[in-house]
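Feature annotations, reproduced from Swiss-Prot:
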type: BINDING; residues: Thr53, Cys54, Gly55, Gly56, Ala57, Gly58, Lys59, Thr60; note: ATP binding site
Amino acid sequence: MLISTPHFWWKDKSFLRFLLTPVSWGYGYFSHRCMVRELPVIDLPVLCIGNFTCGGAGKTPVVIAFAKVAKELGFLPGVVSRGYGGAVKGVHLINEQFDNARDVGDEALLLARHAFVAISSNRYVAAQRLKEEGCNLILMDDGFQSRRLYMDYALLVVDAMRGFGNGAVFPAGPLRAPLKTQFSLMDSVLLIGHSDACENVVFLVTRTGKALHHAHLKSLASDEVMGKSFLAFAGIGNPNKFFKSIKELSGRVVQTYSYPDHYFFTDTDLKNLIQQAKMNNLWLATTAKDYTRIQTSHVQKDLKNLIVFDVEVDFVQEDFCRMILEEVMSRFRERKTLFNLHF
C-alpha cells in the first residue's frame, strides 16, 4: 500500500512518537538483526546507494549520475531495484519500450533510460540476471537495510530539508533501522541541499569519522518556468520540496496537490487537475517520476500545458562519482584477492 509519511515523523516532540516508541524498539531490533547477517556475494563490484529513512531522499538522480559516469569510464553498469509500486513478481529485466510504471514501478522505469535494470525483491537474483546480460558493475538502488546482497561500498543519501526527522525508528519515526547500526555499516553520506535540519546530520555523521559529501539538485526545466503561474502536483516522497523548487526558478505556484508516494493518478484525478488549471489560467507542473505513472492514463493526451520537471545532481566535488567508483573497484579487487588466498 502506498502511503504518505506522517507529519509527526519530522517533528522533535509528538505524542504519537511517544505512543509508538515500544513498537519501534521491536522493529529496530528486527532491522538490526537483518542488517548484521551474512550476505550472499556476487563476483562483481557492488555500489549501494541507499538512505536512512522511509520516504524520498533523492536517490534516483544519484543512481543515474553514477550510471552515466560509469559508462564514461568504460563500465557496463546494471541497476538492481526493488521495482517498488510495480505489479511484476519475480526477477524481471526492464524493457523501456514495452514496460510501464504499473508493471515495474516509476523509479525503475526512469533508471532504465540510463542502464540495464533488473527488478526483484531478491537483489542477489537481480544482480545475477544483470551479470548474464554482461554487466560488470552493479549499482544497487536502495537495499541497504534489507541486506540481500554483499556491497563493496554503501553511500547513503540524506535530504537536507528532512534530515533524520525526529530521530526515531519506524513506526515512531522515519528511520528504517537504528542510526547506530546504519552508521556502523555505511561508508559515507551524501547530503543533498541545505537547511536547518541538516545541522544535526552534519554533527552526527562527523562524529562517526566517516566521509560527508555535499550536492544539490538542479532542475532541467529552468528555462520554461520563469514568469509562469502553476498548478503543481506530485506523488513523491516530499512534494513540498518540488513545489519549493518551482518558486526558486522564479515560477509562481498558485495551487498545489500532494498525493501519496508512487501514487497512480486516475483519469478522474487528471481531468480535475486539467479543469482547475484551465479555470485559473495556470500551467500544470509535475515531476519526471510522476509523469512515468501518468503515461499509463488515457487522459495523458489532454495534458496540453504541462511542464515535466526532471532533475540532475550537482556534486560539490566535481569528480565525486569517479572517486567513489574507484574506491568500489579497489575494494572489489581486494575482496577477490582475499577470496583467492583462502581458496
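Every residue, even glycine, has its Cβ placed from backbone N, Cα and C.
Every protein chain shown contributes to the tally, and the Cβ of Ala57 (ATP binding site) ends up with 26 other Cβ atoms within 10 Å. Within its own chain, Gly56 (ATP binding site) has Asp159, Ile236, Gly237, Asn238, Lys241, Asp261 as residues 6 or more apart in sequence whose C-beta sits under 8 angstroms from its own. Within 8 Å of the centroid defined by the CB atoms of Thr53, Cys54, Gly55, Gly56, Ala57, Gly58, Lys59, Thr60, the record's ATP site, lie the Cβ atoms of Asn51, Val157, Asp159, Gly237, Asn238, excluding the listed residues themselves.
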